[in-house]
Amino acid sequence: MDHRILQTTRELIEEVGYPALTVDQVATRAGVGKAAIYRRYASKAEMAFVATMHDRQPPPSVDTGSLHGDLLALARTFHARMAAPAARQLAPALISELAVNPVLDARFQDTFLAAEQATFAEIIERAVARGELAGTVDPAMAHLLLLGCLASALYVLCLPVDDAVVTDLVTAAAAGITALAERDHGVSGAPAEPS
């Protein structure tokens, strides 16, 4: 049933656009009751977000043997989801709705961002264990450095983002994460924090 709901949501967004999408349309076409949809998703926005931009869980982190490789594998997976036409259409509407709907924003933070940040925490912990990082870094900051920049490039600046851009974003994020770890863990030679 979940697959049917999400597939129908994707199809309808492509056909009618996110603003015209209704839960009634999804329920009718998917052959499910509205109650079944609302048991899974708090709102149309959450349903559309899951259908077009995000699985319920972030992709598992892949241990490639390096911080850069782990971040690149993760970024490529997120890029594939985030650059899809339906996702690019939905993102501005979802961002607007998050700004005015504190309940949806809290659910978004608790459900999606927390899971994504946990994936970053795993990647950081592996990099520390391998000796690539001087210590841990706030996973929310690591998330912002990489996926925040990717989202900005796709949804705010509307740039064409190919694999070369994703790789450059990963290189910059890895450098930023490394610099933060050095600063936070007292490695000599790390740039001093501005006063």
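Count begins at 1; order follows the chain as displayed.
For all residues, glycine too, the Cβ spot is worked out from N, Cα and C.
Annotation source TrEMBL lists DNA-binding region at 22-41. Mean model confidence for the DNA-binding region (22-41) is a pLDDT of 95.
What TrEMBL records for 1-59 is domain 'HTH tetR-type'.
Each residue of the domain 'HTH tetR-type' (1-59) gets a DSSP state, and the totals for helix, strand and coil are 39 helix, 0 strand, 20 coil.
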